[in-house]
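Working notes for the structure below.
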Amino acid sequence: MSEKINVHPVPGDMNQIEINNTDKEAVTERDTDADGVLTVSDGQDHNEKNGGHEKQGPKKWRGPPKNSNRYGIRHSLEKMAVKYIPPKIEGPKTPQNPCDPCLREKHCVEATNYCPECKERLCAMCTSQHKKFQILKTHKVLGVEDAPRPEVPKSEKIKCSETCKKHANKMLDLYCRAHDEVGCSACMAVNHKECPEPEYIVNAAPVILKSGLAKDFKEEICRVKQEVITLKMRRSGDKNRITKEKTQILEGIEGLRKKIMEILYSLEESAKEKLMTYYEKLSNGISNDMHDCESALAFLDRSMEKIKADSDAQLFIDIKKDGKASLRQGEHVIASVTEKLGQEEIKFTEDESIAEWISKLIALGKFDHEVSVFSGTFFGKYDLDEKSDTEKENYAFNSLLNLPNGFTIVSDWNNKRLKIIDTNYNLRSHCDTPEQTKMKLDRKFKIDEYCRGMAYKDNKLFVTCGGGEGEINGQLRVYSLHGALVRVFEEDVQSKPFFAQPKDVIVNDEGTRFHVLDLKRGVVTLSNDGRLVSVFRDPGLQTPLGICMDGKGNLFASGSDSNNVLQFNVEGKKLSEVLKESDGLTKPLAICCHEGVNPRLIVTFEGTCTVKVFTLQE
């Protein structure tokens with residue numbers, strides 16, 4: 001039996017193993033592999049001749065012969081019942097205190113310093129760069145051991161299992177109270193460096209959740225969900241309504257076709273095509289809104305499911321992250337769909353004299369959604385002076401207003417009178433303000449600001465005021481008929497003013513759009529929820545003083561210095577120059593449109609009591 005065998009690595013060479021054995025016979029026939037050196041020692045000195053010189057030391061085998069598999073250290077050790085364990089090679093260690101700037105560049109470098117002003121750990125190179133800049137020279141750089149190290153309860157760490165999408169492999173474990181946001185350490189270092197020290201979610205979540213956050217969040221989701229469901233049902237009702245309108249119009253079109261079949265056939269097909277095209281457009285829009293409602297509902301349902309999370313930290317993350325996103329989507333759907341409720345409408349106006357004039361017509365009728373581009377032809381001019389006028393040399397008819405019966409009220413600024421003309425443009429009556437004559441002044445109330453324009457809709461008065469020198473900022477005010485201030489439109493959500501110097505205002509038939517003529521900005525269109533819809537500004541319209549609407553979405557504005565009238569739509573797109581100086585326009589002031597089979601424009605002028613009437617033609 002052989003004696004004890006000692007196997008150990010040769011110092012300085014990890015690939016060389018030394019075996020000490022007093023029994024030479026047990027090891028002389030052992031093999032060695034190509035990667036190692038097997039050294040055999042029996043405790044005695046051996047002599048080896050090398051070129052006539054003797055060399056003392058243990059006998060060594062320096063690898064196997066080439067292309068030979070007979071020799072191998074692992075094989076030799078296995079025969080000696082010795083387990084071969086390869087040397088362990090350790091990789092680079094992760095820094096305990098990584099440098100924050102280097103971390104943003106995806107480099108892991110051990111930090112040596114800490115800047116309390118920047119709230120960042122810095123390596124040696126970043127510290128030297130930090131001191132180069134003049135604005136950073138006053139920062140007192142400390143050692144990295146002075147960096148704050150908030151403690152995290154070890155038992156709670158495993159509950160924050162969600163990683164940051166912006167910074168790979170970093171846990172969402174911090175909460176910023178200032179912004180009410182959760183994030184990883186990199187998020188806080190980049191986006192919240194000016195905020196107070198962030199809290200660990202595992203510490204903050206239990207305290208905040210005790211305030212009823214989960215319950216409030218659940219109630220909010222239920223509220224938004226119910227509103228979305230209601231909106232979907234109402235949109236379904238809108239679709240059914242326009243479907244009925246489509247059916248009714250089709251019946252009317254077909255009934256008209258029966259009277260004059262041969263002539264109307266081609267016109268009928270044209271009208272049907274227009275109807276179906278617009279119906280599909282409206283129907284698709286409503287279907288898209290319904291689909292958005294369904295998507296929002298699905299998102300909200302997923303958020304409701306996440307509220308059931310067992311961990312406070314994960315529940316807190318779900319509420320602040322996915323939950324807030326679902327609420328934003330739901331609120332966005334509510335805002336966008338609510339604005340469209342009941343707006344779709346299909347109207348078709350039949351011409352009762354169509355049978356008589358059939359050979360002259362090019363269409364069965366006109367849909368309200370169709371855009372008409374007009375030009376004007378002179379119809380006549382009319383004098384509105386009266387013997388009792390005191391300012392006969394300097395008339396200023398600065399405003400016109402249509403009445404439901406077709407009459408028109410004319411504001412005579414210098415004579416301080418309101419004059420009324422009939423459908424034939426003849427002067428019928430007047431009212432001196434504040435005295436009373438044939439027209440009676442029913443009630444009045446005082447506004448403490450300089451006012452330039454006014455409109456009436458749904459028992460409300462829309463008044464423009466301010467914007468001039470020494471005045472308040474330009475505003476559109478809404479009053480009740482008893483003088484109570486209902487609302488003020490002055491600036492958008494970004495605190496940017498809507499107006500420079502507002503003059504006149506008109507409201508569309510639905511009461512959803514307010515068109516304000518601004519002496520400096522052009523025509524500013526607002527929605528009834530206070531959003532800026534469009535601004536019409538054109539170099540061909542100089543010093544705009546008059547504005548009106550034809551009831552079908554077409555707007556007209558007169559330019560005093562450009563001597564013209566332009567037509568544009570609610571999106572602020574110019575459609576045509578309806579009237580120009582060659583049509584007899586010189587310093588136009590106010591304009592208004594009379595609707596009908598042959599719509600007309602009434603135009604007043606600076607310094608004259610004459611009004612001119614123009615017929616609008618497509």
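Positions of Cβ are set from backbone N, Cα and C atoms, glycine also.
Predicted automatically and left uncurated, TrEMBL annotations should be read as such.
The shown structure was predicted, so the numbers you read here are calculated from the model rather than taken from an experiment.
Feature annotation from TrEMBL assigns region 'Disordered' to 1-71. Annotated compositional bias 'Basic and acidic residues' per TrEMBL: 21-33, 43-57, in sequence order. Positions annotated as domain 'B box-type' by TrEMBL: 102-144, 159-193.
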Three-state composition of the domain 'B box-type' (102-144), taking helix and strand from DSSP: 14 helix, 9 strand, 20 coil
As a test of reading the model: what is the averaged pLDDT for the domain 'B box-type' (159-193)? 84
Tally of residues which DSSP labels helix, strand or coil - the domain 'B box-type' (159-193): 7 helix, 8 strand, 20 coil
